[in-house]
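Let me begin by presenting the structure, written as C-alpha cells, before commenting on it.
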Amino acid sequence: MDVAIIGGGAWGSALYKALLEKSSVALVSRSGREGIHQCSLQEALEARFLVLAIASSALRGWLNEANLPPKTKILVACKGIEEGSGALVSEILEEFLPRENLAYLAGPSFAKEVREGLPCALVIHSHHLELAQEMSQFFPSWIRLYVENDVVGGEVCGAYKNVIAIAGGICDGLGLGYNAKASLVARGLVEMARFGQYFGAKIETFLGLSGAGDLFLTSGSTLSRNYRVGLGLAQGKSLEEILIELGEVAEGIKTARAITQIAQREGIHAPIAHEVNAILQGKNPKESLKDLLSHGR
C-alpha cells in the first residue's frame, strides 16, 4: 500500500479518490463506505505514508490513542490552532514524531472539486524538502504540487483564512457590497501575514497559494463551510442551528477564539479575528462589521 488516509470526512474522501488514480490507497474511518478500500490503523502503518485528514481539535487525542512508531511519515491535511494552548498543528505533532517525517498540505482546494477531478495547485510544506518531494509523486497530474519549507507560514495561512472566510460570509450576508468585501479580504491577508511573521513565517508564503490563493477561494464561496457559517450568522441564525445544517466541522470557529487569545497575550493587532470571535460569542454581526470597516480600526 502506498498511502493510507486517516479520516473519512469530505476532505479525506476527496483525497482518497484523487490519490487512487496513481497510487494504492486505503482509508481508515469509523464508518464503512461502499466502493472504498478500508483498513485498520495497524494495517495503515504499513503504507509509505499516512495522510491525516481529521479535525485539528481531535488531533492530540488521536495521537495519544494511536501511539505511532517514530518512523511514521505523515502528510497533514488538517488546519487549525489548538484552543487553550495556542499550539499549531505542527507543534502538536512534533511532540509525538520527529519533524523530518512530517509534511503539511496547503493551498486553495475545495473537497468537492478535488473529488470531481478538477485541476488545482497545492503546496506541501516541510522542514525536509526531500520528504515533500517524495510525497508529491503519489498525486495525480491534475493536482500541481509545489514544495516549500515554511511550515509555520503554511499552517498560519491554512488556519487564519478560515476566520477571514467567516467574516467574508458575514459581509456578503449583510449585503455590504463588493467594495466592502474587497477591503475586508485584503485587510484580512495583511492581518494573517502580521500574525504569521510574529512567529517567524515568511511574507512570501502569504502572497502565494497557501495564503492569498486559499484566502480568496475560501472567503467567497458557499462551498466553504466557514463562509457558510458567516452567511448564517448574518441571516440571524444561531451558531447551533448553523452547525446542525452544516453537519461538518467548521475549523474557523475554534480558530477565531485561539487567535484572539494569542493576539491579546502577545500584543498582535488582529481586529478581524477579534470581531469574528465576538460575533461567535453573540455580538451583533452588523455592529461588528460597521466597527471593522469604519475609520480607526
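Cβ atoms are placed via backbone N, Cα and C, with glycine included.
Around GLU251 (NADPH binding site), the same-chain residues at least 6 positions away in sequence with a Cβ under 8 Å from its Cβ are ALA55, SER56, SER57, CYS78, LYS79, GLY80, ALA159, ASN162, ASN226. According to Swiss-Prot, the NADPH binding site annotation covers TRP11, ARG30, LYS79, ALA111, ARG225, VAL249, GLU251.
Taking Cβ-Cβ distances under 8 Å and a sequence gap of 6 or more within the same chain, the neighbours of ASP214 (sn-glycerol 3-phosphate binding site) are ALA106, GLY107, PRO108, SER109, CYS157, GLY158, LYS161. Mapped onto three states, the DSSP output places ASP214 (sn-glycerol 3-phosphate binding site) in helix. The annotation sn-glycerol 3-phosphate binding site is assigned in Swiss-Prot to LYS79, GLY107, SER109, LYS161, ASP214, SER224, ARG225, ASN226.
Annotated active site, proton acceptor per Swiss-Prot: LYS161, in sequence order.
Between the farthest pair of Cα atoms in the NADPH binding residues (TRP11, ARG30, LYS79, ALA111, ARG225, VAL249, GLU251), the distance is 22 Å. ARG225 (NADPH binding site): 25 other CB atoms within 10 A of its CB, across all protein chains. Calculated from their C-alpha atoms, the gap between VAL249 (NADPH binding site) and SER224 (sn-glycerol 3-phosphate binding site) amounts to 11 Å. Cα spacing between TRP11 (NADPH binding site) and SER224 (sn-glycerol 3-phosphate binding site): 12 Å, rounded to the nearest whole number.
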